[in-house]
Each structure stands twice: as C-alpha cells, then as structure tokens.
Amino acid sequence: PHGPHVPIVPISLWSPCPHSPHSPNIPMVPVSPHVPTVPMSPRSPFPAVSPPCPCPPVCPQAGLAQCQRQAEEVTELMRQNVARAMEREGHLERLQSRARDLRQASQAFTRSTRVVTRHQRRGQRRWHLVALGLGLFLLLLLLGLALALALARSPPGTGGVPTPRAQTEPPPSTAGTG
C-alpha cells in the first residue's frame, strides 16, 4: 500500500499478441482473483515481466485509420513497383534490340572475314604457283646450261654421244676372184 499504485487491467481487454516473447510452454500461475494467470519465468519463482507489446491498442477508429494508412502505403509501394517494372521492361527491350543489332553485325563480320580469307588464300596460291613456275624454269635453264657446258668441254672424239665413224679403208674387192 505504500508503493506506487499499479492499475489492474481486466483480462477481457487483453488480446493475444503475436509479438509476445512467451511461448505456450511457459507455465502460467494464478496471482490474484482479478488476473487468473501470469506467465512465470522458467528459472525464477516470481512472475515474468514481459516487455510492452508493439501491437497498436485496440480501438476501432484508430485501427481503421491505421489500416487505411497501411493500405495507402502498400498502394504507393505497388505503384512504385509497377513503375520500376515498366522502366525495366523498357531497358530490356532496348537491350534486346541492341543484342539483335550486335548479332546481325557479327554475322556480317563473319561473312566479310570469310570473303577476305578466300581472297588472301587465292593470292597466296597465285604467288606459290608463280614461285614454283620460276623455280622449274630456273631448274630447266640450269640443266640446259650444264648440258651445254658438258658438251662444249668434252673433246670431239671422246664426247658423250657416239657417232658412226666413216671407214677410211676400202672394202675388200670381190671382183678378181672368181
């Protein structure tokens, strides 16, 4: 009676709070005839003191106004989300058109590189054929010169190609015998 006065709240005005830290496993102990049960702390014989509930007070007008504010907030958030989605859709369409353009450019680049590669190979083949032709020509020229020099250096009687010799002796006569 000499301490601060704590009003007793009838239990009928209390509503279950989803934010309550007490689980259904905590034992409930009767304290007085006005408040039938109070949650007990698991390690203490004294009743547990729970923090104030963050839930709004139960008042129909205040609850309705709060619900309307929350609905307006949700509506505004949804509008912002839809605006962002539309903006993203625009970005996606631009990215898709860029991707299409890049794909077409890459295909054109691939075609042009094939054409350039073919032209380069043809040019290389031409140069290879010219070099081969010059090489064969030079080889034949050298062989011809070597043959001409070989024939020019050899003495006429010992030279490479045998020629029939003319006979200087007269053939035996067969006229006197007979």
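Cβ coordinates come from backbone N, Cα and C, glycine included.
Listed in TrEMBL:
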DOMAIN    63-128  domain 'V-SNARE coiled-coil homology'
TRANSMEM  127-152  transmembrane segment
REGION    156-178  region 'Disordered'
COMPBIAS  169-178  compositional bias 'Pro residues'
Looking only at the domain 'V-SNARE coiled-coil homology' (63-128), what are its DSSP counts of helix, strand and coil residues?
-> 66 helix, 0 strand, 0 coil
Check the domain 'V-SNARE coiled-coil homology' (63-128) for me and report the mean pLDDT.
-> 94
